[in-house]
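The structure appears below as structure tokens.
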Amino acid sequence: QDEETQHSLECIQANQIFPRKQLIREDENLQVPFIELHGESTEYVGRAEDAIIALSNYRLHIKFKESVVNVPLQLIESVECRDIFQLHLTCKDCKVIRCQFSTFEQCQEWLKRLNNAIRPPSKIEDLFSFAYHAWCMEVYASEKEQHGDLCRPGEHVTSRFKNEVERMGFDMNNAWRISNINEKYKLCGSYPQEIIVPAWITDKELESVASFRSWKRIPAVVYRHQSNGAVISRCGQPEVSWWGWRNADDEHLVQSVAKACASDSRSNSTKLMNGNCSRDFSNGGDLSDVEFDSSISNASGAESLAIQPQKLLILDARSYAAAVANRAKGGGCECPEYYPNCEVVFMGMANIHSIRKSFQSLRLLCTQMPDPGNWLSALESTKWLQHLSVLLKSALLVVHAVDRDQRPVLVHCSDGWDRTPQIVALAKLLLDPYYRTTEGFQVLVETEWLDFGHKFADRCGHGENSDDLNERCPVFLQWLDCVHQLQRQFPCSFEFNEAFLVKLVQHTYSCLFGTFLCNNAKERGEKHTQERTCSVWSLLRAANKAFKNLLYSSQSESVLYPVCHVRNLMLWSAVYLPCSSPSTPAEDTCAPYPAPGSSPEDQPLGRLPKTRSFDNLTTACDSSVPTTNRRSSDPSLNEKWQEHRRSLELSNLGNPGDDPFDGDSLSKQGRAPVGAELSVAAGVAEGQMENILQEATKDDVGLEEHLRGSLETVGKGDEIALDKEKRTENLHG
């Protein structure tokens with residue numbers, strides 16, 4: 001009886017609070033050109049020049065003769081009228097959409113409609129995710145089926161804190177404790193309610209530390225190396241100001257982090273070390289490329305073992321100049337004299353204003369028509385890849401300190417919710433293979449980005465009255481780009497594929513799901529987003545075969561050491577470049593829920609989804625594409641691929657004495673991108689591995705012959721320089 005009453009209330013809520021809007025047709029013969037989602041109602045349908053255009057409470061749909069544009073309204077950043085008859089739409093993910101009209105009046109009318117539709121909501125319930133969830137619940141309640149659990153992210157996400165503490169093996173008896181000082185967010189509104197701190201640090205001391213850290217974001221432990229016990233902590237900047245303030249409790253807490261690592265009874269290391277991963281830059285110098293390479297190559301875990309206290313590394317994401325300038329606004333950085341046995345390194349990462357400017361330059365370049373002749377120099381001038389390089393280097397410095405030098409690390413920037421989660425989340429991804437699984441990656445995003453208060457509403461521009469353009473910045477997108485770079489270099493190390501990341505980019509902004517709403521967990525709790533919206537992880541679940549990486553091997557490298565130089569990075573074409581081959585939208589399913597009577601695992605496995613367009617807004621797989629019989633996890637392919645990588649001297653990753661930043665490391669390590677553009681960087685012609693996969697359905701003998709031929713090509717020295725066309729011809733022959 002109670003369940004029926006609850007379902008009835010949900011039905012009333014959906015119909016009354018989110019009523020359907022009346023459709024206005026510019027031509028009586030026009031029909032809505034797409035299948036609406038639950039809760040979606042189309043408001044306008046009209047004709048553009050050689051196209052049908054429709055606007056709903058969720059999307060803009062433009063159906064051209066040979067292609068379709070389908071874009072969520074919240075993904076549109078701005079709309080303007082150009083050349084009198086043309087609408088120019090700029091999207092938050094770098095896309096640009098152009099639509100031509102026959103008359104000036106019609107163009108202006110649609111300009112007005114779109115500007116009204118894309119403005120930030122006056123209240124959060126105006127976002128489509130709330131109507132979508134309410135109508136989903138109504139539909140399934142009327143069918144008397146319990147599908148509510150499909151809206152939820154899963155137990156591994158909801159119980160992530162407890163599970164992570166146990167998985168990483170924290171010694172909660174002697175070294176660490178879980179503090180509830182932030183219960184109900186009474187200490188810090190942008191922090192989780194439970195945090196890990198050294199066991200002997202009292203809550204009273206934590207309150208004192210909070211008064212000294214920006215936004216009361218105190219040093220909190222977020223990761224423990226399961227082999228050596230070294231930890232990663234994160235916080236906000238110290239409020240030193242021009243007066244040079246200091247706080248004894250803060251100094252004690254920072255030093256206690258290193259002491260807790262030493263006393264962790266579960267640590268496998270009996271000898272502590274004073275790592276020399278970094279040279280002393282506390283005198284104000286930033287880490288240059290040459291110094292970074294030498295600091296990594298000169299450190300050897302085997303050689304630097306010493307019976308000394310661990311020297312904690314404080315990694316400040318900013319430049320030294322920026323850190324000092326923050327003193328004028330009440331911030332600053334740690335003074336080495338006040339933090340003994342600590343080393344401060346400044347990484348020189350750009351702030352959100354510089355990143356926003358770089359992204360706008362990238363967007364302008366990627367949408368230029370025709371293709372500019374000076375493409376490479378223009379790409380360099382955007383500095384986008386340079387920013388990615390610095391971010392990767394920062395994360396790798398953390399990895400080197402924790403994994404090879406067994407040193408604890410404390411990471412912060414200014415406020416601790418932009419550059420800090422970028423570095424920490426990337427470092428954890430490199431250190432721990434669990435985070436490279438679909439389940440672990442969800443936990444990583446929820447923990448480092450959502451629990452610790454990255455301001456998604458302000459940075460994405462979909463918060464209540466979030467009109468301040470200076471607060472917008474693609475911080476999370478930049479981090480996902482770095483994850484994509486890692487996928488290209490380590491094609492067998494990630495359980496999910498490129499399509500997974502591209503979908504995550506789209507739904508970061510789409511507001512179809514409630515995962516990335518609000519600025520912190522406190523706001524999401526107050527707005528009850530978890531109960532009133534669907535989770536994006538219900539779409540990007542591990543059972544969804546469309547997001548499986550066919551080359552994934554759980555036996556791949558435990559710790560990843562990527563090449564970070566700009567010359568080794570590539571533009572993420574699947575996200576930033578316009579779609580070169582338009583596809584038609586799938587019309588069989590638009591919701592993340594499976595059809596009644598079917599299993600989520602029964603989704604068809606087709607070729608790589610065309611992720612560059614928004615044709616299908618909730619599913620990444622175009623089900624209208626004929627499926628293949630390719631084996632999704634051919635063990636022989638994975639084994640031979642792993643043998644191939646080992647044959648390229650990848651063993652140097654496990655040798656602390658080797659330099660992973662050697663200029664020849666790319667040719668040594670044989671990285672390959674994942675997804676639609678499979679290629680092997682170490683001498684294998686571009687496209688060979690893709691051809692191998694395409695031929696996999698013929699017979700296993702042919703597959704082995706193709707693969708063996710590719711591996712022989714790699715090992716023949718001078719033959720690597722043969723003409724690419726000739727090698728491709730031989731492969732097909």
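Residue 1 is the first one shown; counting continues down the chain.
Just so you know, glycine gets a Cβ as well, placed from its N, Cα and C.
Whatever TrEMBL says is automated annotation, not expert-curated.
For reference, TrEMBL has these:
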ACT_SITE  Cys413  active site, phosphocysteine intermediate
BINDING   Asn326, Arg327, Ala328, Lys329, Asn351, Ile352, Cys413, Ser414, Asp415, Gly416, Trp417, Asp418, Arg419  substrate binding site
COMPBIAS  614-636  compositional bias 'Polar residues'
COMPBIAS  696-733  compositional bias 'Basic and acidic residues'
DOMAIN    155-576  domain 'Myotubularin phosphatase'
REGION    587-670  region 'Disordered'
REGION    691-733  region 'Disordered'
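Using a 10 Å radius centred on the Cβ of the residue listed as 'active site, phosphocysteine intermediate' and all shown protein chains, the other Cβ atoms total 28.
The most densely surrounded of the binding-site residues Asn326, Asn351 is Asn326 (count of other Cβ atoms within 10 A of its Cβ). Taken over all pairs of the listed substrate-binding residues (Asn326, Arg327, Ala328, Lys329, Asn351, Ile352, Cys413, Ser414, Asp415, Gly416, Trp417, Asp418, Arg419), the Cα spread reaches a maximum of 21 Å, rounded to the nearest whole number. Cα of Asn326 (substrate binding site) to Cα of the residue listed as 'active site, phosphocysteine intermediate': a distance of 11 Å. For the pair Asn351 (substrate binding site) and Cys413 (active site, phosphocysteine intermediate), the Cα-Cα distance reads 9 Å. Within the same chain, the residues at least 6 positions away from Arg419 (substrate binding site) whose Cβ sits under 8 Å from its Cβ are Ala317, Arg318, Met349, Leu391, Cys413, Val475, listed in sequence order. The Cβ of Asp415 (substrate binding site) lies under 8 Å from the Cβ of Ser214, Trp215, Arg217, Gly236, Gln237, each of which sits 6+ residues away along the same chain.
Around the Cβ of Trp417 (substrate binding site), 26 further Cβ atoms fall within 10 Å across all displayed protein chains.
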